[in-house]
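As given in Swiss-Prot:
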{"type": "DISULFID", "residues": "23-88", "note": "disulfide bond"}
{"type": "REGION", "residues": "1-23", "note": "region 'Framework-1'"}
{"type": "REGION", "residues": "24-34", "note": "region 'Complementarity-determining-1'"}
{"type": "REGION", "residues": "35-49", "note": "region 'Framework-2'"}
{"type": "REGION", "residues": "50-56", "note": "region 'Complementarity-determining-2'"}
{"type": "REGION", "residues": "57-88", "note": "region 'Framework-3'"}
{"type": "REGION", "residues": "89-97", "note": "region 'Complementarity-determining-3'"}
{"type": "REGION", "residues": "98-108", "note": "region 'Framework-4'"}
C-alpha cells in the first residue's frame, strides 16, 4: 500500500496568516492527490483533487500544488472558518490511503 506522510501534525496560526501543509507519498502518485477539511463531529469535505483543482465553491485562498511524491496545501489569509483538521489522500490505487492529518487551531 502507498503510505502518506503528512506534516505538521499540529499548527497554530492567527486569522490573516498564511499556512502550508505538506504531504509526501511513499511512491509516485503523479497528481492523484486530494485534500479534505474536517470539522469536529462532521464528515470530511473535499477541497482539492488532482493535486491542484479546487472543488467548486471552495475559496480561492486555498491552493494545492505538487506532483509525484511531494504535495502541499496552502491557505492564504486564514479565516475563522478555516480552522479544523486537514487530511491528504491519494487516489492512485486502492486502497486510497489518508495522511495522519494536521490540526489547525487558532493562536491565542
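Cβ atoms are placed via backbone N, Cα and C, with glycine included.
For residue 88 (disulfide bond), other Cβ atoms within 10 Å of its Cβ number 29. Residue 88 (disulfide bond) falls within a strand when secondary structure is assigned with DSSP. Residues near residue 23 (disulfide bond) in space but far in sequence (CB under 8 A, at least 6 apart, same chain), listed by position: 4, 5, 6, 7, 33, 35, 66, 70, 71, 72, 73, 88, 99. Cβ atoms under 8 Å from those of the region 'Framework-2' (35-49) belong to residues 21, 23, 55, 58, 62-64, 73, 82, 84-89, 91, 101 of the same chain, restricted to positions at least 6 beyond its ends.
Most Cβ pairs under 8 Å with the region 'Complementarity-determining-1' (24-34) belong to 57-88, among the candidate stretches 50-56, 57-88, 89-97, 98-108. Outside the region 'Framework-3' (57-88), and at least 6 residues removed from its termini, the chain residues within Cβ reach (under 8 Å) are 4, 6, 13-31, 33-40, 44, 47-48, 51, 98-99, 101-106. Taking Cβ pairs closer than 8 Å, the region 'Framework-1' (1-23) reaches residues 29, 33, 35, 66, 70-80, 86-90, 92-93, 95, 97-107 in its own chain, all 6 or more past its ends. Remark: secondary structure over the region 'Framework-2' (35-49) totals 0 helix, 9 strand, 6 coil, with classes taken from DSSP. Taking H, G and I as helix, E and B as strand and the rest as coil, DSSP gives the region 'Complementarity-determining-1' (24-34) the counts 0 helix, 4 strand, 7 coil.
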